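Feature list (source: TrEMBL):
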- 17-154: coiled coil (COILED)
- 212-243: coiled coil (COILED)
- 11-258: domain 'TTC3/DZIP3-like helical' (DOMAIN)
Amino acid sequence: ETNTLPFHPFEMQQGDILRMEKEHQVLKEQLKEAQEKYEQLESRSLEEISALKELLKKSVEETEVSKNELDWLHQDLEIKVKKWQQEKKENQENLKALRNTAKKHTDTNDRYSKTIDEKEKQYNTYLNTYLETSNKLANEKVKLEELIKKSQDDCQECVKRAVTAEMSVLKNWKETEACKLNGTAANAEANLRVLKSWSSSASAAPKLKSQIDSWEIFISNVKKQLEKVEAEYEEKIQMVENGVRNCLAKMETVDLPSP
């Protein structure tokens, strides 16, 4: 089991083979690492090449679209140039016509200027007359405004008195009708109390029931009419107070026949 062979010619020095094996192992690992890096770079390069191809394809398409748009713009430009040339020609003709018209207007303007000078002299004369008349009218206006204010104050006072009078009349009518209806209701309630006292007798109760019912209905109708009269008069009073006119009308009340 012991190696007794001399290391020459396989080794220059003892341990060269072992050292070479270690170096070989290191080189293998470096090769493996380099190969892995190469594969990664190759994969990345393929992806970049694919992306660049897509970008190139898109650029070609955009270039084609741009070329078509450029052709269209050239055509549109030619049409516009022709149109502008035609418009330029028409504008030159219009300018010539406008110059002729301007000359006519200048001549007319000169005539109008002379007329304006004459009219201005007349205007100054009329203005002086107007100012004198205006001063007189202003004084008269002040006097009239004072009279109008006094008349308005008198009118307001009259309106207040009229409103007060109308409200007083409506309140009196309301109180009169209410007093009348309250009196009717009070008499009816007195009659009802008498009938109810008589109906305490068992023999008289059936005979008086219909009369008691009639008086109760009559009292209810009188109170309803009283509420209606008061509400309508109050509405009219409120309308008069708010400035509504022609509200002074007496209500037509229905005389309810007593049972």
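Even glycines carry a Cβ here, placed using N, Cα and C.
When Cβ-Cβ distances below 8 Å are used as the criterion, the coiled coil (212-243) is approached by residues 163, 166-167, 170-171, 173-174, 177-178, 181-182, 184-185, 188-189, 191-192, 195-196, 199, 249, 251, 253-254, 256, 258-259 of the same chain, each at least six residues removed from its ends. Confidence in the coiled coil (17-154), given as mean pLDDT, stands at 92.
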